[in-house]
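Enquirer: What TrEMBL records for A:TYR15, A:GLY42, A:LYS109, A:TYR132, A:ASN188, A:ASN288, A:ARG384 is substrate binding site. Taken from TrEMBL, the feature domain 'Aminotransferase class I/classII large' applies to A:36-401. Residues annotated as pyridoxal 5'-phosphate binding site in TrEMBL: A:TYR72, A:ALA108, A:LYS109, A:TYR132, A:ASN188, A:TYR219, A:SER247, A:PHE248, A:SER249, A:ARG258, A:ASN288. Annotation source TrEMBL lists N6-(pyridoxal phosphate)lysine at A:LYS250.
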There are 2 protein chains.
Amino acid sequence: MFKINENYLKLPGSYLFSTIGKKVAAYAEAHPDKRLIRLGIGDVTQPLAPAIIRALHAAVDEMGSRETFRGYAPDLGYDFLRTAIAENDYKSRGCDISADEIFVSDGAKCDCSNIQEIFGQDNRIAVCDPVYPVYVDSNVMAGRAGEWIPEKEMFSNVIYMPCTMDNDFVPAFPKETPDMIYLCYPNNPTGATLTKAQLQDWVDYANRVGAVILYDAAYEAYISEENVPHSIFECEGARTCAIEFRSFSKNAGFTGVRLGFTVVPRDLKCGDVSLHSLWARRHGTKYNGAPYIIQRAGEAVYSPEGKAELKEQVAYYMKNAHVIYEGLKSAGYTVAGGVNAPYIWLKTPEGMDSWKFFDYLLETANVVGTPGSGFGPSGEGYFRLTAFGTYENTVEAIERIKKL
Amino acid sequence: MFKINENYLKLPGSYLFSTIGKKVAAYAEAHPDKRLIRLGIGDVTQPLAPAIIRALHAAVDEMGSRETFRGYAPDLGYDFLRTAIAENDYKSRGCDISADEIFVSDGAKCDCSNIQEIFGQDNRIAVCDPVYPVYVDSNVMAGRAGEWIPEKEMFSNVIYMPCTMDNDFVPAFPKETPDMIYLCYPNNPTGATLTKAQLQDWVDYANRVGAVILYDAAYEAYISEENVPHSIFECEGARTCAIEFRSFSKNAGFTGVRLGFTVVPRDLKCGDVSLHSLWARRHGTKYNGAPYIIQRAGEAVYSPEGKAELKEQVAYYMKNAHVIYEGLKSAGYTVAGGVNAPYIWLKTPEGMDSWKFFDYLLETANVVGTPGSGFGPSGEGYFRLTAFGTYENTVEAIERIKKL
């Protein structure tokens, strides 16, 4: 008789955003007269930029003509896109990353969750706490996280690195030595950043202890301050210890378009084996490339028109972030994030727990956010709002919260 | 120090089609005057049908307007597509499959290779031999295949079911009892099919021994004979033992567009645990849905215009299959497949080994095919040609082979 992967049964409850979705749907059904404003999930609301729409139409036309039709894409991505990425995201910042170290995919979520496959079963992972749930859940499924400890809301074999107001959301090096360290900066959910010096410390630490850093830079387009690195490859020594994940979801509004990439430098090795070759083998065996028309849309992100239009789009969301940040502050909330990231991380008032505050906001202000405890035990007592709504809704949501 | 997944190192050589690609590139570079005809990889050559192009343009326009823009898709696929699939591919054939048992994805290759994740580590897999390499390779990576035995060209823990001319390419039930059985019909690479009665025997066998059948029906659109089932769910009892994979790559030319789906019936269980819930959890955690515009293209496949246009497209390729089949036969080759499948499977002449015949065809006829031994040890002495070229090239390739 066939057996299932029992590790799946260790996952507590459902995926955070499914739970929120169900709660919100139930409230909306019971109160059809209320107009909900959703600042919960990090989904964008602005339409694709005109330069991207033009590129999509042009590529669709190519697919309709025998002379220009394209079948299977190269597993690792078309050269035109990999080259544009290498030039614009790396060489222009002085990072030594070449086009053939870039693996194009259908999004950072897939890559972040699949990357653990190329690592050994007995590696120990370290994560920030609170954290984007995918890093831990994908390792639970692989049997690398140990057992769920309900009273701690932690997995027995995961090293949690608390990030709270007390340490400005910058984790300390853990007491136990990890093999795989997940870092996400600008951070989801706290909106915190590392300075270049702080990230350099992590790179040095990883090289010293022989750990690999899995660096999620999905929100780099939101960085507004000078001393905040956009890529881990701005740090010296990162080529021997880091893998970086990037997304087109937040800088170009591709949440429903699906495009991302992962950088695996050729110098990253375990003994003689390069992780680049392992990831290439995974892509070749289990993936068939991102759609041609969508890779052309990705290319348009780097065109002069695309860049100009997307700069405006990011500015639009950051104006929302400013509205939320300043509005909540003036209403007496303790607030973080929102300066280099589209997320605002607030302390719940009067020590209310995160889910209680979720219900309170939903029921009294009809505003949907994300309870901090959904991201890990150190998120308890915090709450996330996103800047990805429309400006009008964002202003109204904050007005409603101010009136509570 | 972090460790890698050592199972990756057990994979012998590179992915079959990468090896072929390199050999062909080297030949082309050395002989720039020769015009190669590629009938190797199963990639389509006809442009997307007009109905699909129209749907893509319309969806792109929706993404460019604030009122109709769509962000994250539902993890499991948009209802409009799941419903179209359930109606057209299942209900119309009398299969009891509902829309919520359909999981939309970016292609059958991903699903076929990812599905093993939800199964236990110590399950034994059985595969036809020869076989599409992805089934075995994905299990090797997961550590389920045992060790590579070079002299046998087999993995120690995989049950191989030989399919040769001697058994009309229909495998016998294996001596050892498997937990997971991969079946692909119409078959890649042999082009063979099972009758409904033969497939029913496999369903009964799986239910009897407690195995799950992983049924790859990527080529069902090429079935021309009446008694050949298009879906395993045409068989009684399949809801308790089968998962089915489908692709839009070959029926609609989506190899570079990327769309597929997997059917996991709710009755398929291991004890209390439904595989439907495990696969849903995997999708929710590691996947972010297929692109909206591409799901709209998938919907157009089921429109009256789409159906009519794609029927013609399939007929075009099947005319090629006929040219290859009859041409080789008249030239004295022993040929199989090509009637319900876009693949022609031939015996190499004079007992030549498969790679030797590959080189011979490449060098003397400048025709690229796929060596049978690349699909497994029982493929030795066979060779695959595909019907996915243009008609003109196909005719010329066969003329060249006839002249050898």
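FYI, residue positions are counted from 1 along the chain as it appears here.
The backbone N, Cα and C atoms fix where each Cβ goes, and this holds for glycine too.
Curation does not apply to TrEMBL; its annotations are automatic.
Just tell me what is around each of these and how deep it sits.
Expert: Classification of A:GLY42 (substrate binding site) by DSSP places it in coil, neither helical nor stranded.
A:ASN188 (substrate binding site) is surrounded by 25 other CB atoms, counting those within 10 A of its CB over all protein chains shown.
Neighbour list (A:LYS250 (N6-(pyridoxal phosphate)lysine), Cβ cut-off 8 Å, at least 6 residues apart, same chain): A:GLY42, A:VAL44, A:ALA218, A:TYR219, A:ALA221, A:TYR222, A:PRO342, A:PHE388. For the recorded site, A:LYS250 (N6-(pyridoxal phosphate)lysine), the DSSP three-state label reads coil.
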Enquirer: Spatially, and counting Cα to Cα, which of the binding-site residues is closest to A:SER247 (pyridoxal 5'-phosphate binding site)? Options: A:TYR15, A:LYS109, A:ASN288, A:ARG384.
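Expert: Looking at Cα distances from A:SER247 (pyridoxal 5'-phosphate binding site), the smallest one goes to A:LYS109.
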Enquirer: So among A:LYS109, A:TYR132, A:ASN188, all listed as binding-site residues, which is physically nearest to A:SER249 (pyridoxal 5'-phosphate binding site)? Use the C-alpha atoms.
Expert: A:LYS109
Enquirer: Using a Cβ cut-off of under 8 Å to chain B, which of the binding-site residues A:TYR15, A:GLY42, A:ARG384 qualify?
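Expert: Filtering A:TYR15, A:GLY42, A:ARG384 for a Cβ under 8 Å from chain B leaves A:TYR15.
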Enquirer: Across the domain 'Aminotransferase class I/classII large' (A:36-401), what does the mean pLDDT come to, as a whole number?
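Expert: Taking every residue of the domain 'Aminotransferase class I/classII large' (A:36-401) together, the mean pLDDT is 97.
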Enquirer: Can you tell me the CA-to-CA distance separating A:ARG384 (substrate binding site) and A:TYR72 (pyridoxal 5'-phosphate binding site), as a whole number of Å?
Expert: 40
Enquirer: Which one of these binding-site residues has the most other Cβ atoms within 10 Å of its own Cβ: A:TYR15, A:TYR132?
Expert: A:TYR132
